[in-house]
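Here is the structure we will look at.
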Amino acid sequence: MAAAAAAAAAAGAAGGRGSGPGRRRHLVPGAGGEAGEGAPGGAGDYGNGLESEELEPEELLLEPEPEPEPEEEPPRPRAPPGAPGPGPGSGAPGSQEEEEEPGLVEGDPGDGAIEDPELEAIKARVREMEEEAEKLKELQNEVEKQMNMSPPPGNAGPVIMSIEEKMEADARSIYVGNVDYGATAEELEAHFHGCGSVNRVTILCDKFSGHPKGFAYIEFSDKESVRTSLALDESLFRGRQIKVIPKRTNRPGISTTDRGFPRARYRARTTNYNSSRSRFYSGFNSRPRGRVYRGRARATSWYSPY
């Protein structure tokens, strides 16, 4: 009995302690609906006291609750390269620094504000130069077209004549042989001036050396002048006795070696005279035309002095 009383007293003392946050109080409904606290001699109180004493170490072990670990923030999706960045109020770590860095470059009044106008000025100058180059090309093309369409007077190209026209011109022309190498077209025109109106004087020259060959052709305005000029055959011109005969029309396949020399390669200095007796010198404007048959002693060619 003494042991039971001591246990009840211990249970009452334990029940009389201050109720801490880590202690439990077991209520067992009694006859009056509630069990009395620390009532000595009660069986229910005794059982509760033993249970409290037995559970007290477990409660002390479970009393410190571990702090909840902070939840890891899920990785934020990266924005595509062209998408705008987060705003100033997003609160994302590092966003403010990323926004501040370009802000420093944009707000820098040193280089950025000076380079933009200079760059624009350079681009404008390049555009102007390109436009000027295009205009120059257009002008050059127009000038070339005009030159091709209308050659300048006094330097007209060789006129292509039909066979009938060539025969008619040859009928009004004479051949002058043994002409002095230093003679000019003006001197020949003056020598035959009394025979009639002279349209053209052609002095043939060597193709390679450019030296005169010693004969010429003179074209008159009419056939009557040709007959008159034959009277100057074997006359003296610059100390030489010249030979004057009517010019013959040469055709392909007809030999022209009766005058003692091949006539396949030559240059011609031609001077034209119009009806008002004014004259101009066209230079070496004739091209040799002919066929040379190799392996034979004679050459056959078609010769056109005009």
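Keep in mind that glycine also has a Cβ here, set from the backbone N, Cα and C atoms.
Residues or ranges marked as coiled coil by Swiss-Prot: 115-151. Among the features that Swiss-Prot reports, compositional bias 'Low complexity' is placed at 1-12. Annotation source Swiss-Prot lists compositional bias 'Gly residues' at 30-47. Among the features that Swiss-Prot reports, compositional bias 'Acidic residues' is placed at 51-72. What Swiss-Prot lists as compositional bias 'Pro residues' is 77-87. Residues or ranges marked as phosphoserine by Swiss-Prot on the basis of a large-scale study or a structure entry: SER19, SER52, SER95, SER235 (among others). What Swiss-Prot records for ARG259, ARG265, ARG269, ARG289, ARG294, ARG296 (among others) is asymmetric dimethylarginine. Per Swiss-Prot, the feature omega-N-methylarginine maps to ARG259, ARG263 (among others); the stated evidence is a large-scale study or a structure entry. According to Swiss-Prot, the region 'Disordered' annotation covers 1-115. The region 'Stimulates PAPOLA' annotation in Swiss-Prot covers 119-147. Annotation comment: Swiss-Prot describes 286-306 as region 'Interaction with PAPOLA'.
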So what's the average pLDDT for the region 'Interaction with PAPOLA' (286-306)?
41
Going along the chain, which residues six or more apart from SER235 (phosphoserine) have their CB under 8 A from its CB?
HIS191, GLN241, ILE242, VAL244
The region 'Stimulates PAPOLA' (119-147) - residue tally per DSSP class, helix then strand then coil:
29 helix, 0 strand, 0 coil
